Amino acid sequence: MASDVVTLWDINIRHLPESPERRTIDNHSQQTNADLRELGAIASERFGEDVPGCETSRGFLLEAELAAEEIERIAHRLLADTVIETVDVTQIDRREVPANTITVLPKPGVMDPVAQSARQAIATLGIAVESVRTYRRYLFPANASAKLLEFVAPRVLANEAIEQVVFGELSAEHLALGSSYTFERVVVPISTMDDAALERLSREGQLFLNLTEMRAIRDHFVEQNREPTDIELETIAQTWSEHCSHKTLRGPYTYEGEPGEGGLLKDTVFKVTKDLDLDWCVSVFEDNAGIIRFDDDWNICFKVETHNHPSAIEPYGGANTGLGGVIRDILGTGQGAKPICNTDVFCFASPDYAYEDLPDGVIHPARVMRGVVSGVRDYGNRMGIPTVNGAVCFDERYLGNPLVFCGTVGLLPKERSFKSPKPGDLIVALGGRTGRDGIHGATFSSGELHTESESVSGGAVQIGNAITQKKLMDVLLVARDRDLFHAVTDCGAGGFSSAVGEMGETIGAHVTLDSASLKYEGLSYTEIWISEAQERMVLAVPSDNWGELRELCESEDVEALVLGTFEEGGQLLLTYQGETVGELSMKFLHDGRPNIVHHGKSSRTPPAPLEVPSDVKPGKALHGILGSLNVRSKEWIIRQYDFEVQGSSVVKPLVGESEDGPSDAAVIAPVPGSTKGVAVGCGINPRLADADCYAMAASVIDEAIRNIVAVGGDPDRCALLDNFCWGNTERPEVFGTICEAAFACRDIAKGYGTPFISGKDSLHNEFQTPDGPIVIPPTLLISAMAIVHDVRHAVTMDLKKNGNNLILVGLTRDELGGSHFNLVTGATGGTAPTVDTTVGRSIFEAVHRAIGEGMVRSCHDLSEGGLAVAVAEMAFAGELGAAIDLADVPTSEKMDAMTILFSESNTRFLLEVPQEKTDRLLKLFGDLPIAVIGQVTEAKELSVRGAGGEVLRESIAQLKQSWQQPLK
Amino acid sequence: MATVNVLVLRSPGANCDEETAHAFQLAGANTDQIHVNRLLDEPTTLEKYQILCVPGGFSYGDDVSAGRILGSLLEHKLGDLLKAFRDRDRLILGICNGFQVLIKSGLLDTQDDSGKLLATLAFNRHGRFETRWVHLRMRPGCCAFVTEDEILEMPIAHAEGNFVVESRSFLDSLTESGRMIATYVDNEGKSGDFPVNPNGSAGDVAGICDKTGRVFALMPHPERHVIPTQHPRWTRRGDQPTEGDGLRLFRNAVAFFG
């Protein structure tokens, strides 16, 4: 054997079978074989053979010259846990690989954090190795056909967007990382391009710009009398992308032929905040997150992001980096905030979707859900941030285009709430290295998904490494407190290009691209500039502080390097190996984009009359709603998130006697030793959008505030965030619905006096199939946070004590349009719920006062499923019964029992109040709609009486059982 | 009483150091959160401390397996120092990831004389990360951190907490030598399947100590139950207690030096 060939070791680790002593399970094997069984029917139909089970193992590939004793130590003492695992060490090319062996390993250039750590761990043994890769391996029976395995591999074993599948023996080529890069300045001859050529350049270069924008770029360079370089075009495309510039909702528009005053957002959500002009709003729509006042020393900030397209292609990585990204937004707010809790909201198609109906290029929704949940779990838990609130919505139109919303709340010293880079500051990159991951994420997310998205845009998927970011956070917050930098921002979509471009917007910047630290060789200067490799922040550091910052970073193994300087002159200058590769004026970059006018058309129609099938029974409808995917218990997800880390939780996501009832919102007390808290909640209900988008938006704002108020949050210190996820807004009927939703945001937030402080939109959420696009329902997520003045007054939704009164607050109207009653009974039509902010505001204030004065033992808002679901949930969470009489319910008009029970009218709460406090409470509500409708009972059943006698009587245990049907 | 100094060990990925330090402070101790790199640079740093605590989190990402890399560092780079610390009547506490780290470092005496491993913390039996409040039966045994036979409530939050032994006899020896300090029970003190035993641990083990009783490690998080409003059912109680159950362990550790 030639001496220059380095040995490739394969350390293969298998789980030992379970025994009475060893009560363990092999997760990987169980999940894989379960997935194989699920695929069974469709595969056997296509290939005429059954899908066999397989043996699974994991392993490491080591490139190193090692003594036998060394490799033994690495394998047995470090990489395998010999109490539960067995390990084999072989050398590649010196062994026989059994037939039907499939090895799955990360594609070259894809992050492999476990391999990085393993290498570090091997070093602790005093042994050096060249390189380490991880893999998973699957061994199928010898008689399984190659065709079948080729079908199975990408569906169950691997995700080919990020992983390679190797049949049989591995070779060194599979381990290659990158090849060397020869510098060559690339010039794009744009000046002579006609419209067709411009469009082709936009498409083939994945710039995702339209013709008007491409023409503006061409004209700019013609005016300059030169051709652009590739990096200049990329920089413009990133900055002008929908993702970074939000050109649709910030640009000019018309609605029903009427032109708006400014952009749609400016006329609506921004305007509310401006008009309200509240002194506790510290920074709104400016920084990476909105900031409000918390107490005399601290401010809090909140941001919610979407990561939809990456999650469609690689659910785990997409959701993982979605959360990682929004956490960085918080780290990059002001001069760096400490993340104190996360929120997560997902929209999927049904996990029961038939495999055989799945369009090509779509990952099955059950796998999407599993991947997304684990992705969020692994980032949040590893960063040590409690995930305290969320929601999951199901609709078949999310099939190829799931939605993943991740939010983070941060705590920020009051005096660190603003930043500004100064000319002469060093541009310092902190954290992870730059690789070829996530190229074109910003532009890709601004287009539509289609069958081929996976292969064309696979590079847009990033893989996170939460520990790199945790380390980064640790040093960043210390550096902030030592005053080592002037400004900080995160590297999100667009990478350095967006971060430096934004920070240097009013100054100018010079970046030397060859100074970036790379994961592997072979990146071009353009790739370095636009890579969306994760876990990186950019700081503006006075040169006097650079030494101390570098030392701090080195002391905790965090990489920091100088990428350039903020230089006056308003130019963005990019150099590589001493040569200028790009020079753009900040003015053109940020103000040169031509406006595109969007036109909105109303498709609002008067509601169809409600039609209810004749055989509907209230008890059955209640069980149906409790068991519906949207309402059903999410305990399976919630418990996978650490909602206790940081020790701050006061109202947890699961509450009640058995700690499994659905909390309305979370309360945390983020400052140790202080009883001041933050309530965090949300509202989302895309079903209502089919009835009326204005009503949908109004209702979800009301729901978000309701949830906050129900746990003790102050409605007068409540801030909102918007996330619009829509289809292709180039179509006037789609743009029309987003206008209607935005108008509702303006009207309702103004009426309630609740400012919007931050937001993020994601448009083009459509999946193209040969039969036409699948368009998601208009989806508005409203997140809310509010101050809880004393967390010891917080309230949960579980019933507490037999004999207490049940008091309904708020007016019930005949509003079943878009309701869950309709969903489960097959009823159609009806009016969608409306919002009366005048009465509503008084109700919120009165409920808040009653809670603050200790009159309320439990409180639950009425939402999906109305009164019936609310009282059922309160009863089973408290493991008590309830008896109510519908005759006493305040209603807008005379209506039947079914409508009173299931109407989803807004601004309603069910309160549990001790007898002796009831009169005082009723007095406090004055003329507002309120009534005692029943009592908490010892008997564990829910009984409802109407005008004509008993309407329903159901056992609490059975209601809970319907609600607790497994989600997975 | 002289002030007790506690070193809460930070590491890349440790994430419960702040609330753990806060819990020790509530118990009257002085605390410093110190990065493992400082200890490697300057091992004598440890001298001024009476208690070393390895807090929860995901040290080095738990990438190879939970606690493996930090455990390996403690074993190979700081092993003698930590054994000497323990032998000078000082205390070592591991919580959650700290338990995973300590069991993999060998400091919990869970290997035989030849170095063969006799116990580990494997993946939870139901296959998922789990956050859940549990009841723990505490028995003092030979452990310096526990003084009373009692039931305490605190949360778990882990994926790899399933205590697995190589043989039944090792489990028996833990019981016989008074090293089985915390076990999962129900609210009446009885053992049971999931969710009473939330991860499938052999012998319902939630926490064990070493042969000296001065190195103690447990999977649940006592630092997350030091004030009443952290309790999952505090809104259901009439009067609130003055403090949370978990604070007891920190008070006992500090009182050990009184």
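Positions of Cβ are set from backbone N, Cα and C atoms, glycine also.
Per TrEMBL, the feature active site maps to A:H243. According to DSSP, A:H243 (active site) sits within a helical segment.
The annotation ATP binding site is assigned in TrEMBL to A:K303, A:D722, A:G759. Listed in sequence order, the residues of the same chain lying 6 or more apart from A:K303 (ATP binding site) and placing their CB within less than 8 Å of its CB are A:N288, A:A289, A:G290, A:V326, A:D329, A:I330, A:T333, A:G407, A:T408, A:L721, A:S758, A:K760. Annotation note: A:K303 (ATP binding site) sits in a strand segment as assigned by DSSP.
The annotation Mg(2+) 1 binding site is assigned in TrEMBL to A:E305. If you draw a 10 Å sphere around the CB of A:E305 (Mg(2+) 1 binding site), it holds 24 other CB atoms from the protein chains shown.
The feature substrate binding site is assigned by TrEMBL to A:R328, A:Q462, A:S762. There are 25 other CB atoms within 10 A of the CB of A:S762 (substrate binding site), with all protein chains counted.
As annotated by TrEMBL, Mg(2+) 2 binding site applies to A:D329, A:D490.
Looking only at the domain 'PurM-like N-terminal' (A:287-411), the predicted model's pLDDT averages out at 95. As annotated by TrEMBL, domain 'PurM-like N-terminal' applies to A:287-411 (among others).
Look at TrEMBL and you will find A:422-572 (among others) tagged as domain 'PurM-like C-terminal'.
What TrEMBL records for A:663-763 (among others) is domain 'PurM-like N-terminal'.
The helix, strand and coil residue counts that DSSP assigns across the domain 'PurM-like C-terminal' (A:802-945) are 55 helix, 35 strand, 54 coil. The domain 'PurM-like C-terminal' feature in TrEMBL is assigned to A:802-945 (among others).
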- Between the two most distant Cα atoms of the ATP-binding residues A:K303, A:D722, A:G759, the distance in Å is 9
- For the domain 'PurM-like N-terminal' (A:287-411) and the domain 'PurM-like C-terminal' (A:802-945), check the count of CB pairs under 8 Å (sequence separation 6 or more) and say whether it reaches 3 or more. no
- Query: So which binding-site residues out of A:D490, A:D722, A:G759 end up within 10 angstroms of A:R328 (substrate binding site), measuring C-alpha to C-alpha?
  - Reply: A:D490
- Rounded distance in angstrom between the Cα atoms of A:Q462 (substrate binding site) and A:D490 (Mg(2+) 2 binding site): 15
- Message: My understanding is the cutoff is Cβ-Cβ under 8 Å with a sequence separation of 6 or more in the same chain; which residues meet that for A:D722 (ATP binding site)?
- Response: A:V269, A:C745, A:F756, A:G759, A:K760, A:D761, A:L780, A:L781, A:I782
- Message: What does the structure give for the C-alpha distance between A:D490 (Mg(2+) 2 binding site) and A:H243 (active site)? Integer Å is fine.
- Response: 15
- Query: Given the recorded positions A:H243, A:R328, which one is most crowded in terms of C-beta atoms within 10 angstroms?
  - Reply: A:R328
- For the binding-site residues A:D329, A:D490, A:G759, the one whose C-beta sees the most other C-beta atoms within 10 angstroms: A:D329
- Just the number: how many Å between the Cα atoms of A:E305 (Mg(2+) 1 binding site) and A:S762 (substrate binding site)? 9
- Query: What are the other residues, in sequence order, whose C-beta lies within 8 angstroms of the center of the C-beta atoms of A:K303, A:D722, A:G759 at the ATP site?
  - Reply: A:G290, A:V304, A:L721, A:N723, A:F756, A:I757, A:S758, A:K760, A:S783
- A:H243 (active site) versus A:S762 (substrate binding site) - Cα distance in angstrom: 7
